[in-house]
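Below: the structure, in structure tokens.
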Amino acid sequence: MEYHPQAIRLCALIFISFYALLHLVEAQDQKGFISLDCGSLPNEPPYNDPSTGLTYSTDDGFVQSGKTGRIQKAFESIFSKPSLKLRYFPDGFRNCYTLNVTQDTNYLIKAVFVYGNYDGLNNPPSFDLYLGPNLWVTVDMNGRTNGTIQEIIHKTISKSLQVCLVKTGTSSPMINTLELRPLKNNTYNTQSGSLKYFFRYYFSGSGQNIRYPDDVNDRKWYPFFDAKEWTELTTNLNINSSNGYAPPEVVMASASTPISTFGTWNFSWLLPSSTTQFYVYMHFAEIQTLRSLDTREFKVTLNGKLAYERYSPKTLATETIFYSTPQQCEDGTCLLELTKTPKSTLPPLMNALEVFTVIDFPQMETNPDDVAAIKSIQSTYGLSKISWQGDPCVPKQFLWEGLNCNNLDNSTPPIVTSLNLSSSHLTGIIAQGIQNLTHLQELDLSNNNLTGGIPEFLADIKSLLVINLSGNNFNGSIPQILLQKKGLKLILEGNANLICPDGLCVNKAGNGGAKKMNVVIPIVASVAFVVVLGSALAFFFIFKKKKTSNSQDLGPSSYTQVSEVRTIRSSESAIMTKNRRFTYSEVVTMTNNFERVLGKGGFGMVYHGTVNNTEQVAVKMLSHSSSQGYKEFKAEVELLLRVHHKNLVGLVGYCDEGENLALIYEYMANGDLREHMSGKRGGSILNWETRLKIVVESAQGLEYLHNGCKPPMVHRDVKTTNILLNEHLHAKLADFGLSRSFPIEGETHVSTVVAGTPGYLDPEYYRTNWLNEKSDVYSFGIVLLEIITNQLVINQSREKPHIAEWVGLMLTKGDIQNIMDPKLYGDYDSGSVWRAVELAMSCLNPSSARRPTMSQVVIELNECLSYENARGGTSQNMNSESSIEVSMNFDIGATPDAR
């Protein structure tokens, strides 16, 4: 059978036209596309972007937080409609978009950021962008007048995807558009990790950017052409791009070739580092009409590594060549070369090129069943906690409030082991979703308004050890299967309508059987009531007497306020002291009208002053805009006027006059430890021995608060900026505004609102609101890591942003040089250093019960110091005081006293 050439060409034309029409239909369909106009009003209908035809919808329903804004009019003419509005996030540290996706699917994810001075502050923000629990990129808007686009190709592992904006400084994260485009799963595959956009060029001198609807996947192609080295080829013929990657026909309709027929086509780019891994995708199509004797064949190499020995592009059909494994370039400089083979009559050509760098996302997402269960519980109770966004368990610094998780390693999905929703204003019955937390060990639903019966399914959670349902309104009988569950501690008191056999509503420690308590418990309860009532009456009369006396001591300034300060003080007791009080005029005089500023903190400005023209002091004035207030002021005055220790900063006096509040301390000439570590104060770098002496003295001050005072005190804000140094570099602990007493007599903690500094904050305290002295131990562990490494506590540019996680990673390599401050130049005893590192990591144990006490810390640090002293190191202008100082528990009163 013979085929007429014209018939063949006609069939080919029909096929190509049909294929083009099919792609046009797909483009118009936008199937699977998610296009969010961030900051649109909730009731705003979807609209088509005039420049692309893409349909954008409001982001309402995809994010639970944030505020809306709009770029200034001066910038509106530069950007398309979807970029004019934005959503910014002034509250919380992590704010997340949650998107429903198809599991195990490659998605092109794009986030667009245009600052446009929307807030009128001319202060472009910088923040981190996370994909699920993993860092994607740091977005820095400084100098980006035209905005920035972040793009990644990522394979989903579940039916839900979180894109999170994380605050890293004082500025608020913001976003204009968020876009997802599903890709074919046989394209852009990697051995591991995701593909971060590096560049995407088509080789043409057209000057036109190309995206949707020309590109059915909405990739954006930028033109690139070197007129000095290349010749441009173009065609008006249709090109078949059915190879899966589907670069747009308009992209493939142009190409570049070397000007010289005998030349080599080359293209180079520079990667961030020599260790950066990348994937390269080369798109070819022969678009020149070849004569009968013409041949185009060339060799493809990348940095001398052969990719294709003899390649000839297909006529009017797209082919994509790529490496199946990630590549690296020496010194980060990459060179792609297309070299003409001896048999070729035509030079090589290149139509389009894509390069992506590899981002490894090592942290696995929380077990999807646990996530579904938690979200079901959240929906049942209508919980809207700002921390309940993104992955519930990871990264650890963003663990959801009230949760505890078991995160053994990055290769295992974290599981939820503890759920604490106490005092969360819950109503209704116990949520069914709780039964799906199959690894739960502790459940605390106390102090809510839950009703109904106690469900039997709680007994089916085999791992449960503690259930606290006290302080609710449950009724009915307790399931027998729950009463008989061995090893379970069941707390039920405070449920008046609950039928409790044998008095078990007082407490039930599961031991396989119920004990008879119907006689003993009423007697004990009656005696306890009498004791409590008597104590309460005695305390009332003592407190009333003290309050009257102390109010007189404080003077009329406590009752003459007409500002906000008075409102704050109306519920506070007066400062219980008869020690030195300065007038505001005296403060003005001692500071020479606030002439010399020493620093600034959360309380307010700190000024240099002198008392009696002889004693230097530091005067801390409460700013009217301060986040701290009279409560913290009062706490610090009362504590410092009652405790005296050589490693606690001394309080000379205070001022409490009208709206003017001031704390007057002894002057610490060498500022704080952080300034010395960072080099801000100049001078020589603190050597290892001096650093050890400073932390020994700081530990002694903290240990005194824990063990030398009655009741014991928790500092709650231990950090390097609160460790002050005098002229001899002796250390004293400062800033006691957040300090709290904690229980003794067998109690282990006090429940309190979380306070402290991010990075130093005990995660167990943050999670449970249970404060004890081990919270200070955790913070002190962070301080130890700072003096060891001289690293920032949180640094998003590190592989592990938090210093504890980073040191943990370095320790796995076993090389102390990776951890130690390089400015020490190895001048230290390695045994001393290792003991200090081990001590720091023990202080940072996730379980407070497994952390050492401050007494143990003092002993261990002195051991570290003895190792270093034995080496023969020299201290820096610091008197030798390395004796071990450990406080004893003397019961000397109800308030802290001098030891």
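Backbone N, Cα and C atoms are what each Cβ position is placed from, and that goes for glycine too.
Features of the protein shown, as given by Swiss-Prot:
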{"type": "SIGNAL", "residues": "1-27", "note": "signal peptide"}
{"type": "CARBOHYD", "residues": "Asn100", "note": "N-linked glycosylation site"}
{"type": "CARBOHYD", "residues": "Asn146", "note": "N-linked glycosylation site"}
{"type": "CARBOHYD", "residues": "Asn185", "note": "N-linked glycosylation site"}
{"type": "CARBOHYD", "residues": "Asn240", "note": "N-linked glycosylation site"}
{"type": "CARBOHYD", "residues": "Asn266", "note": "N-linked glycosylation site"}
{"type": "REPEAT", "residues": "415-438", "note": "repeat 'LRR 1'"}
{"type": "CARBOHYD", "residues": "Asn420", "note": "N-linked glycosylation site"}
{"type": "CARBOHYD", "residues": "Asn436", "note": "N-linked glycosylation site"}
{"type": "CARBOHYD", "residues": "Asn449", "note": "N-linked glycosylation site"}
{"type": "REPEAT", "residues": "463-485", "note": "repeat 'LRR 3'"}
{"type": "CARBOHYD", "residues": "Asn468", "note": "N-linked glycosylation site"}
{"type": "CARBOHYD", "residues": "Asn475", "note": "N-linked glycosylation site"}
{"type": "TRANSMEM", "residues": "523-543", "note": "transmembrane segment"}
{"type": "TOPO_DOM", "residues": "544-899", "note": "topological domain 'Cytoplasmic'"}
{"type": "MOD_RES", "residues": "Ser751", "note": "phosphoserine"}
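Structure coloured by features recorded in Swiss-Prot.
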{"residue": "Asn100", "record": "N-linked glycosylation site", "Cβ contacts under 8 Å, 6 or more apart": "Lys159, Ser160"}
{"residue": "Asn146", "record": "N-linked glycosylation site", "Cβ contacts under 8 Å, 6 or more apart": "Ile78, Val114"}
{"residue": "Asn185", "record": "N-linked glycosylation site", "Cβ contacts under 8 Å, 6 or more apart": "Asp104, Thr105, Asn106"}
{"residue": "Asn266", "record": "N-linked glycosylation site", "Cβ contacts under 8 Å, 6 or more apart": "Leu335, Leu336, Glu337, Leu338"}
{"residue": "Asn420", "record": "N-linked glycosylation site", "Cβ contacts under 8 Å, 6 or more apart": "Gly402, Leu403, Asn404, Glu442, Asp444, Arg767, Thr768"}
{"residue": "Asn436", "record": "N-linked glycosylation site", "Cβ contacts under 8 Å, 6 or more apart": "Asp369, Asp370, Ala372, Ala373, Ser376"}
{"residue": "Asn449", "record": "N-linked glycosylation site", "Cβ contacts under 8 Å, 6 or more apart": "His425, Leu426, Thr427, Asn472, Asn473"}
{"residue": "Asn468", "record": "N-linked glycosylation site", "Cβ contacts under 8 Å, 6 or more apart": "Ser422, Leu443, Asp444, Leu445, Ser446, Ile491"}
{"residue": "Asn475", "record": "N-linked glycosylation site", "Cβ contacts under 8 Å, 6 or more apart": "Thr451, Gly452, Gly453, Asn495, Asn497, Leu498, Ile499"}
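Within the chain, the repeat 'LRR 1' (415-438) has long-range Cβ neighbours (under 8 A, six or more residues past its boundaries) at 366-367, 369-370, 372-377, 380-381, 383, 392-393, 402-406, 444-455, 457-458, 460-463, 468, 767-768. Around the Cβ of Asn240 (N-linked glycosylation site), a 10 Å sphere holds 18 further Cβ atoms from the protein chains shown. Remark: secondary structure over the repeat 'LRR 3' (463-485) totals 4 helix, 5 strand, 14 coil, with classes taken from DSSP.
When DSSP labels each residue, the repeat 'LRR 1' (415-438) comes out as 5 helix, 8 strand, 11 coil, counted as helix, strand and coil in that order. Each residue in the repeat 'LRR 1' (415-438) has a pLDDT score, and their mean in this model is 95.
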